[in-house]
């Protein structure tokens, strides 16, 4: 009888070990890559107070660069981010574990009042969704650190790299996504949850 129970115990332990290593292998295989570590940067919140990227360390961040006079990719990207906000709120992650950031590279036209109106039009909850601005050269430098190219046109509009970025709790870039229609919402939300749980 004792041998019988020892055999069962050995089987249970063996299955637990196999399960642990199997799960660890799965996690490693499906872990998002690290592209680079982002530097800290300083911009301004809509109320004019300073914003430091490092203030949000310990949280997962989804970062987009836009300008409010954009008529193609920026509005649908912001709309998709509003949908992400809604999903993250439903999961209890918004603000506490995950934050959104929208950075304007058009300080001349995107005044705090204009950006505030833009944020309000998408139902942005600014307790966890930061709308940021700064001097044009400063924002261009921040954008460049993300790998975003920005070229101002004679009419005051901008041509820019159409990507958004997932940054983890330690300022490591973990994923790069397309904007607007190229945003795979399920993947982005799934990636954000996965990185938040690391």
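Just so it is clear, glycine is given a Cβ too, placed from its N, Cα and C backbone atoms.
TrEMBL annotations: computationally assigned, not manually curated.
Taken from TrEMBL, the feature transmembrane segment covers 6-26.
Here TrEMBL flags 32-197 as domain 'Thioredoxin'.
Annotated Cu cation binding site per TrEMBL: 70, 74, 160, in sequence order. Every protein chain shown contributes to the tally, and the Cβ of residue 74 (Cu cation binding site) ends up with 23 other Cβ atoms within 10 Å.
Less than 8 angstroms from the CB of residue 70 (Cu cation binding site) sit 157, 158, each of them six or more residues away in the same chain. The disulfide bond annotation in TrEMBL covers 70-74.
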Sequence-distant neighbours of residue 160 (Cu cation binding site) in its chain (C-beta under 8 A, six or more apart): 65, 105, 143, 148, 149, 150, 151
DSSP-derived structure type at residue 70 (Cu cation binding site), helix or strand or else coil: coil
For the Cu cation site built from 70, 74, 160, further residues of that chain with CB within 8 A of the site's CB center: 65, 66, 67, 72, 73, 77, 158, 162
